[in-house]
Amino acid sequence: MAYFPNIGKIAYEGPESRNPFAFKFYNPEEKVGGKTMEEHLRFSVAYWHTFTGDGSDPFGVGNMIRPWDKYSGMDLAKARVEAAFELFEKLNVPFFCFHDVDIAPEGETLSETYKNLDEIVDMIEEYMKTSKTKLLWNTANLFSHPRFVHGAATSCNADVFAYAAAKVKKGLEIAKRLGAENYVFWGGREGYETLLNTDMKLELDNLARFFHMAVDYAKEIGFDGQFLIEPKPKEPTKHQYDFDVATALAFLQTYGLKDYFKFNIEANHATLAGHTFEHELRVARIHGMLGSVDANQGDMLLGWDTDEFPTDLYATTLAMYEILQNGGLGRGGLNFDAKVRRGSFEPEDLFYAHIAGMDSFAIGLKVAHRLLEDRVFEQFIEERYKSYTEGIGREIVEGTADFHKLEQYALQLGEIRNTSGRLERLKTLLNQYLLEVSVPSKARL
């Protein structure tokens, strides 16, 4: 059956179109800097928000109207697969992502859970044979079930550690079977509420042991996808061990795991950590650890993970600025880890939301490309740090200066003069480039 019978394929119609079911800026075939938009952006649909989210929150029950909700159990799981590939085709997206429990219900035993997963993976595999949409990444849900109340790999209960390992083992087998580009680890319960009852050293050691086991098993079965860690500072756990990129990077370096992992950066998680989206992307990029992106945005007035669809053009531009400087995302992509608002409960809202996000990143791509092509910020930055290309600055950079030499130099200095950072000027330039790309020429006349 058709789950979205009144919606056709979403096509590019240009910025002057008033068709709500059309892309205004995302043209998958348009080339930007030698690559098509589709190749640059590598969009992905998040299975959990799009097909299992029901709109419930701590103050209200689910209210989403979904054509597949008349089913239950495995029939519901199968209907969601059918609806998913219909939406993928109509949006023309190249990728999707899922947790294990998104695609199939848990059974009474682990064996039953495996059986359910195998049946749905069979179905997904068949759909993928005739679909352009591939698996960007999958992961194991190690946070929802009560067994994970104290964590998974960091649980105080070794039985839980073993159960979590079994779920990831199965997840890696599914990843290999479906040709996943990546496999993600997000430690929603890997952290602590209070140090009064926590052996932090043991928990971190065990988390590292868990990751090493995953690396070993991936090698054993021949899964060559990229491993990704998704940092988040809190929620649901008060203090999570993968707080931000810098914290998670220190963990990977400490335990000899850096060569096996990169980061999946989520915009809203950066917000919760007190960072900008572009900050987390920059830290990952300069350390060679930028792997993939969960494309969403948070509400700056709220203190939790709101997972809104990305429509902030400054954020998408500065994100693409980092991604382009990274040479792209390689095997990663832009996954819409985003949900429609509770008040946007009709099926067509799923399309409006993805169109908005895809158009927003298309604008960001084009603006970022022009900024880099014109070297707008690079020229200013080079001039700002020019003192390190000559004289004493060059000696500092080349490692030929020491405290004795620097003291002698400083004693001969007169009054030190700095130059302006020109922040307001740079923001004006950013606005100018944004308007030139995003506002149709007729509207500017």
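Just so you know, glycine gets a Cβ as well, placed from its N, Cα and C.
Cβ environment of His99 (active site): Tyr47, Trp48, Asn138, Thr139, Ala140, Asn141 lie under 8 Å away, each six or more residues apart in the same chain. If you look up Swiss-Prot, you'll see His99 (among others) marked as active site.
Long-range Cβ neighbours of Asp102 (active site) (same chain, at least 6 residues apart, Cβ-Cβ under 8 Å): Tyr47, Trp48, Phe51, Thr52, Asn141. What Swiss-Prot lists as active site is Asp102 (among others), and the listing cites sequence analysis.
Of all Cβ atoms in the shown protein chains, 27 besides its own fall within 10 Å of the Cβ of Glu266 (Mg(2+) 1 binding site). According to DSSP, Glu266 (Mg(2+) 1 binding site) is assigned to a strand segment. The Mg(2+) 1 binding site feature in Swiss-Prot is assigned to Glu230, Glu266, Asp294, Asp337; the stated evidence is sequence analysis.
The feature Mg(2+) 2 binding site is assigned by Swiss-Prot to Glu266, His269, Asp305, Asp307, with sequence analysis given as support.
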10 Å Cβ neighbour count around Asp307 (Mg(2+) 2 binding site)?
23
Other C-beta atoms that fall within 10 angstroms of the C-beta of Asp294 (Mg(2+) 1 binding site):
26
Could you tell me which of these binding-site residues, Glu230, Asp305, Asp337, has the fewest other Cβ atoms within 10 Å of its Cβ?
Asp305
Tell me the Cβ neighbour count for His269 (Mg(2+) 2 binding site), meaning other Cβ atoms within 10 Å of its Cβ, over all protein chains shown.
30
List the residues in the vicinity of the Mg(2+) 1 site, defined as same-chain residues other than Glu230, Glu266, Asp294, Asp337 with C-beta within 8 angstroms of the site's C-beta centre.
Trp186, Lys232, Asn264, Ile265, Ala267, Asn268, His269, Val293, Asn296, Asn335
Could you state the whole-number distance in Å separating the C-alpha atoms of Glu230 (Mg(2+) 1 binding site) and His269 (Mg(2+) 2 binding site)?
9
Within 8 Å of the Cβ centroid of Glu266, His269, Asp305, Asp307, the other same-chain residues by Cβ around the recorded Mg(2+) 2 site are Lys232, Ala267, Asn268, Thr271, Leu272, Asp294, Asn296, Gly298, Thr306, Asp337
